[in-house]
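Q: According to TrEMBL, the protein has these features:
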- 1-78: region 'Disordered' (REGION)
- 1-25: compositional bias 'Basic and acidic residues' (COMPBIAS)
- 29-43: compositional bias 'Low complexity' (COMPBIAS)
- 64-74: compositional bias 'Polar residues' (COMPBIAS)
- 83-104: transmembrane segment (TRANSMEM)
- 110-130: transmembrane segment (TRANSMEM)
- 137-159: transmembrane segment (TRANSMEM)
Amino acid sequence: MSRPRPQDRKPEQHEPQASDARAEAPQEGGLDALLGGDAAGEPGRVGGGEAAGRAASGTRKSKGTQTPSGSAQETRPRTPRRVLITAILGAFLGALSLVFAFNLDVNINWIWAAVVGLVLAGAAWVMAALEGSRKRWGMLSALVCVLGIGAPLVVNAVFIQDVTERSQREQSITDQGEDYDESAAAAQLPEQVKNALALGSAQFVAGVRVSLDAVERDASAAVRASDPEAPAPEGRYVTATVSVLNNAEAPVDPATTLGMDLIFADGTVVDSTQCVATLKRPVLDVGALEQGKEATFDVCFDVPASHSSAEKVDAAAVRVSNQIDPTQAAAFWKVK
């Protein structure tokens, strides 16, 4: 019996075999790829298996480093120790300049420390940039150094401005004093004595609240009791009790700031400094009064014989003026 020729075969007889071969081919290929080829496998197939393994491993690693948002997580290297040391040293030098900023005697000399610190801060920033680490330590150090340079300069500028303004005020007072007309002021004294304040009233003179508490119109016996070695008066001694309260910001010494005189109705002036007797509460013992401080002291007047009569003394007035600036208004109090 003769075999049928291939062309005589029916399609249904050889078609399943072809499909079986095609089905087996991928299975064999897939197994080879998975195992990397058999022991006698082809090099290309073995290489393909290894590449596939590395690709799969890389895929797993990349998936393992995915953040919840799907982007790869990047981490910067830690700041090197040398960067930290350089930045901290620079900040320390800048802080030294800040500490001495308000010491006018040495603050300018310490600016160099902040300048050196600023150089170190810049070096720390550059090193951090080259290392690829965070540069914030260098920036913070630079900020401290910039403050260390600027603070002494600002303090000195403010001090110079204050000194300049004070000098201008003193010069203005001096100029006014040179233009002060004593004769015109003396001509006004009788009217000022007539309109003097009553005892116990308060008035501001040179930034100080002044009040005349009492006047002893014949104090010769009291002065000799206080100072037995006091010389005899020309006519009589008159004493006055004065209270002061410093409202000015700067300390005020009444002995050097306030001038006290006994003014008569005819314009005669008796200066308290002409009395050399020592009193129980002399103005020299008061000293400088800080703001808000008060004191009470006594002054005396050595009245000449020509004006020692009770009538003339009773008509007189005590004047308290600003000795530093005579152009400022003085205050007058009646003695009776």
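Backbone N, Cα and C atoms are what each Cβ position is placed from, and that goes for glycine too.
Could you place these features in context, so I can see how deep they sit and what lies close by?
A: Listed as Cβ neighbours of the transmembrane segment (83-104) (distance under 8 Å, sequence separation of 6 or more from its ends, same chain) are residues 110-111, 113-114, 116-121, 123-124, 127-128, 131, 133, 137-138, 140-142, 144-149, 151-152, 155-156, 159.
Here the transmembrane segment (137-159) has long-range neighbours at 79, 83-84, 86-88, 90-91, 93-98, 100-102, 104, 107-108, 110-111, 113-115, 117-118, 120-128, meaning same-chain residues at least 6 beyond its ends whose C-beta is under 8 angstroms from one of its own.
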Q: Cβ under 8 Å to the transmembrane segment (110-130), counting only same-chain residues 6 or more beyond its ends: which ones?
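A: Tertiary neighbours of the transmembrane segment (110-130) are 79-80, 82-84, 86-87, 89-94, 96-98, 100-101, 137-139, 141-142, 144-146, 148-149, 152-153.
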